[in-house]
């Protein structure tokens, strides 16, 4: 049964749209935990477009569940992670031009740089995950550089037409099986919604799903605590015959 990590970046997006003091991500993280979140995920981007450094520090000091920091593979971000000490760091690709993360990290051609970062994080007892596309070579490279976890990018599945979703789902299933056979832990996320999450949640071996935008959107109608509760129900009790 997968657990649920709630990404609260979009709470900060609303605040930063007016450079205001509300909504407060820390308060919303508390409500997410009340709704059943097993962890809180934030992406501290280099351009600080939503989550700010102070948010990360306050979350580390206040949340009762796990803190997962998504970050680019840069010296600045590694230094911040070593100071804040989140429970997990997920290394993601990052481009200032993108609206959101557009794909998995290129591990194969950046193994030495990533290996050094992972070693530094592990020395501080910070678990490290690599956000990758469901591609065999990227999984193998993630294992080779010492990552303990991978997070499978589900964006292609989420954006696929109904006819092609099953093909993308099969890729994710195969990648999960491959990663587990190598001794890697597996998370998944990106683009998942209340309508498409169950087939992913039903995949054997996926330990956590990180979901944000759809929960924040649903919260406008039912409140954040209820929105998280609804998603938690789908993640922990998925129907297994969606396809």
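Cβ atoms are placed via backbone N, Cα and C, with glycine included.
What Swiss-Prot records for this protein:
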BINDING   7, 18, 191, 212, 213  3-amino-2-oxopropyl phosphate binding site
BINDING   9, 10, 45, 50, 100  1-deoxy-D-xylulose 5-phosphate binding site
ACT_SITE  43  active site, proton acceptor
ACT_SITE  70  active site, proton acceptor
SITE      151  site 'Transition state stabilizer'
ACT_SITE  190  active site, proton donor
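Residue 50 (1-deoxy-D-xylulose 5-phosphate binding site) and residue 191 (3-amino-2-oxopropyl phosphate binding site) have their C-alpha atoms 18 Å apart, to the nearest angstrom. The most crowded of the recorded positions listed here (10, 43, 45) is 43, judged by how many other CB atoms sit within 10 Å of its own CB. When Cβ neighbours within 10 Å are tallied across all protein chains shown, the highest count among the binding-site residues 191, 212 belongs to 212.
Counting every protein chain shown, the number of other Cβ atoms lying within 10 Å of the Cβ of residue 70 (active site, proton acceptor) is 26. For residue 10 (1-deoxy-D-xylulose 5-phosphate binding site), the recorded positions whose C-alpha atoms fall inside a 10 Å radius of its own C-alpha are 213, out of 70, 151, 191, 213. Spatial neighbours are here defined as Cα atoms within 10 angstroms of one another, and by that definition the neighbours of residue 9 (1-deoxy-D-xylulose 5-phosphate binding site) among the recorded positions 43, 190, 191, 213 are 43, 213. Using a 10 Å Cα-Cα cut-off from residue 70 (active site, proton acceptor), the recorded positions that qualify among 43, 45, 190 are 43, 45. Summary for the recorded positions 18, 50, 190, 213: the Cβ-based neighbour count within 10 Å is maximal at 190. Residues 7, 18, 191, 212, 213, recorded as contacting 3-amino-2-oxopropyl phosphate, have a largest CA-CA distance of 25 Å.
Residue 191 (3-amino-2-oxopropyl phosphate binding site) has none of the recorded positions 43, 45, 151 nearby, counting only those with a Cα within 10 angstroms of its own Cα.
Neighbour counts of Cβ atoms within 10 Å were compared for the recorded positions 9, 151, and the top value is held by 151.
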